[in-house]
């Protein structure tokens, strides 16, 4: 593969040929009867590029996650690390890698750990804002934050900073923001009155990888894409009119169903869309997708019951493709583009195929 293609695609797409950005082009499909049901879909993972995988894996393991899979691609000089909550108390305990939600995929390109000048784009600095943060929900937020601080990790916002005393933002080794919220948090955004305000005990095995936040230019277009094209449901809307932005939390109901009264803290696999008022009216406004330079966030990923049928459905909906299933050498992954150009990977859920993807 050419150096140009390698630099352009990254992650698994390092193995792919360039794919044009085409809407609604035809492609051949198997003639066998195949079906897909979005009720079976899962928001599987969010991918971040990291400088030093040892430091990053250590951080997320400290937050209670387990390294559930490692994929090595030495010929393309990168490795992938998949982490998730997998204790007996976890929602997806024992499930295969792509039959779960709340997974974090870390992509390491060889040599970055030895480059003193290498840094990733964390998505929160102008002019390269786009991806915002990951979020974990914890049993005791004061104790959890105290534990993280005692380990020597830094914070973008401590629990006691500012007016919002019910959330904190830790920083991972690359400077990505990790929001920390309480599993007991109310829909109004206030601490549960029964939760101790002083740090006491916390059990990382009870934590949830709750959501991934990305900023979007046009909330209406983005919500339509994630609900109508990807089959998610809008679980909760938080309007902050005085501050000029809204938050939208979407996800797949799965076996848990739609959360009552918007209570989403104990869920995994949620997508938070942040919309700042007025951006949709600015023709020149654009968020950074994380895959053009400077790189950082790579993509989100959904796993589906039948990848051929799912991709045929997306084709019928005139979805915008980065890579069709038939493009390139890797025939087991596809990439859609959302209205802001963020990449959405599509993979097969192994539970429905009865075989591993990789």
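Glycine too: its Cβ is placed from the backbone N, Cα and C atoms.
All annotation found in TrEMBL is predicted automatically rather than curated by experts.
Model confidence over the domain 'VOC' (42-183) stands at 98, taken as the mean pLDDT rounded to a whole number. Annotation source TrEMBL lists domain 'VOC' at 42-183 (among others).
As annotated by TrEMBL, Zn(2+) binding site applies to 105, 133, 179. For the recorded site, residue 179 (Zn(2+) binding site), the DSSP three-state label reads strand.
Around the Cβ of residue 179 (Zn(2+) binding site), a 10 Å sphere holds 20 further Cβ atoms from the protein chains shown. What TrEMBL records for 179 is active site, proton donor/acceptor.
The domain 'VOC' feature in TrEMBL is assigned to 208-349 (among others). When the domain 'VOC' (208-349) is classified with DSSP, helix, strand and coil residues number 30 helix, 55 strand, 57 coil.
There are 21 other Cβ atoms within 10 Å of the Cβ belonging to residue 133 (Zn(2+) binding site).
Counting every protein chain shown, the number of other Cβ atoms lying within 10 Å of the Cβ of residue 105 (Zn(2+) binding site) is 25.
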